[in-house]
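Peer 1: One structure follows; several queries about it will come next.
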Amino acid sequence: MIEEDLLIDEKDHNNEDLVITSIRPNSLENYIGQNDVKSQMMLFIKAAKKRKDTLDHCLIYGPPGLGKTTLANVIANQMSTGFKKTSGPVLERAGDLAAILTKLDPYDILFIDEIHRLNYVVEETLYPALEDFKLDIIVGEGLASHSVQLELPPFTLIGATTRVGMLTSPLRDRFGIIQRLQFYNVEDLKMIVERSADILDIQIESKGALEIAKRSRGTPRIANRLLRRVRDFADVKANSMIHQDIAKEALIILKVDEAGLEQLDRDYLSIIMNKFSGGPVGLDTLATSIGEERGTLEDMVEPYLIQQGFIMRTPRGRSITDAAYAHLGLINGLKVNDLFNQ
């Protein structure tokens, strides 16, 4: 695998990805939400620039779609440094990592997405690079093999993960800065929707933006996706103007309810209610019943349902709460109303 294959070029994407790239903020001032993280990172960046030093290695974690990659890009822009992007699964061998590290310029930022998926050999190779900016590689084979230590330019590693608990302690402890991204509130999401609409030249009223924000499950990526789909609906039905009624109508067609739950979320809750008497039920059993992978439920479904108080995770499995029954219009397991019965 050549070095160029190991890096992700953000310009080499389809049109949808280019749209996503175009609406990303490029500075902390334009980065909406996550105020505690922003204020801390601004302080750390100013201190590093004042010392003319590298920024400490950063670990950013949180549920998918909250802006980990965007924040890494913003940090690179604020530091006025180069930005190289790769991902844990791509780095299969120590040589893959070495090919990237030896091409870095001084003070560059290397971003590794899904860093929890680094294999053991690559992770071990990374340790001296993080601590001492040195790289130990094995040259030759068999009895003729020997270790060579290479000097690396000073750099900053930014790792992103949705599963911080899967990182080994030695790797986690080598990050000087650890930031947790949290779900966004509705007001911040409304601002994100309005900002994206302005960049994409989408006509939207304030109440229309609020309706999309309320159904975006606290996640900017979902807010921007829903904005683009509601735009499609408005282009056909409402002369391209997104107002509240059009947003509601479009989101009902997309089967996104007022709490932001999509069909997979409702299937998850309904199966626990109807097949397993409200739980508890093991995740593997639940995944089989739904026909989805365990990781999909853990990463994409459960975090928001837990945050909204719809499910509980216990040692015996998953159980639903009274709030879930109330939201789906059920009392003691009997359906009294179906929002999407049409």
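Glycine too: its Cβ is placed from the backbone N, Cα and C atoms.
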Peer 1: Which residue of Arg174, Arg229, Arg231 does Swiss-Prot report at the same ATP site as Ile23, Arg24, Gly65, Lys68, Thr69, Thr70, Glu131, Asp132, Phe133, Tyr184, Arg221?
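Peer 2: The candidate from Arg174, Arg229, Arg231 that Swiss-Prot ties to ATP along with Ile23, Arg24, Gly65, Lys68, Thr69, Thr70, Glu131, Asp132, Phe133, Tyr184, Arg221 is Arg174.
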Peer 1: Taking the recorded DNA site as Arg294, Arg313, Arg318, identify the other residues of that chain whose CB atom sits within 8 Å of the mean position of the site's CB atoms, giving them in sequence order.
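Peer 2: These residues sit around the DNA site: Gly282, Leu283, Leu286, Leu297, Glu298, Glu302, Ile311, Gly317.
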Peer 1: Should Glu131 (ATP binding site) be counted as helix, strand, or coil on the basis of DSSP?
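Peer 2: The residue in question, Glu131 (ATP binding site), is helix (DSSP, three-state).
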Peer 1: Rounded to the nearest angstrom, how far is the Cα of Ile23 (ATP binding site) from the Cα of Arg294 (DNA binding site)?
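Peer 2: It is 32 Å, counting Cα to Cα.
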Peer 1: Which of Arg294, Arg313, Arg318 (the binding-site residues) has the most other Cβ atoms within 10 Å?
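Peer 2: Buried the deepest by this measure is Arg318.
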Peer 1: Please tell me which one of the binding-site residues listed here (Ile23, Gly65, Thr69, Glu131) sits closest to Arg313 (DNA binding site), measuring Cα to Cα?
Peer 2: Gly65
Peer 1: Which of the three DSSP-derived classes (helix, strand, coil) applies to Thr69 (ATP binding site)?
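Peer 2: Thr69 (ATP binding site) sits in a helix per DSSP.
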